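Q: Before I ask anything, here is the structure I am working with.
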């Protein structure tokens, strides 16, 4: 039971990534452990899910690979190595590997053909229709929170622009002049900006694709939102007297979940082995690095040529 909870947290903290099987395009997230994996995949018209343990991996591998004998962890590591490059936007490192998929009623099956130790290797991901609660937790709730976060960000940026306009106006009233007229900008008007955005930029965004482009910055924001949820979840367990497992605590530490609410966690990346996959932290700058950056910024010469 504890292992399933750990797998659930590991999958939750994975960002959605674009992946293609032939002409079929999906958004997917996956995590592997030494004993199983969890996969969530969507084409934006449906969402499918599969979670397997050691027993299912052993049984399926015997049915599909009668000549191939290997530990469960070897099969799982190989599957992770096959999927990782695809989820990162490249080609699989195993040149002989091929993927195909088809739907049957409410099930999505992904067929994998590859080689392991010089022998043919086959695998099928049997993904059933995801429950409403699973879709809500991994997709709807995070996206709503991301919208609120982006709205807050826009408000703060608008306030910053207005403050900058007041600063520039003060320079002008003091007699400062632009040395290059092409740098001159109009005073920021939030209402006009929103009207231009809705008329010009929004149609370009909506016609730019089918929604499968979950960009790096959105992946980062998604992970930040879910990291906050995991923090609250673990804090709630502690307040109720339910102790979190060492693996859950390790999730929090590895993902850089800080006590400050504005700390952004690292972007997860899938790996092939480990207790529970999957997430290789891209560490934020340390305090010493931040100090050196601050020193560098302080030594930078004041820009010339903007104002006389």
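Keep in mind that glycine also has a Cβ here, set from the backbone N, Cα and C atoms.
Owing to the predicted nature of the structure, the values given are computational and were not obtained by experimental measurement.
Pasting the feature list from TrEMBL:
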{"type": "DOMAIN", "residues": "15-127", "note": "domain 'XLF-like N-terminal'"}
{"type": "DOMAIN", "residues": "132-179", "note": "domain 'XLF-like coiled-coil region'"}
{"type": "REGION", "residues": "233-272", "note": "region 'Disordered'"}
Q: Report the mean pLDDT of the predicted model across the domain 'XLF-like coiled-coil region' (132-179), rounded to a whole number.
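A: A mean pLDDT of 93 is what the model gives the domain 'XLF-like coiled-coil region' (132-179).
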Q: Go ahead and report the DSSP secondary structure tallies for the domain 'XLF-like N-terminal' (15-127): helix first, then strand, then coil.
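A: So the counts come to 27 helix, 53 strand, 33 coil.
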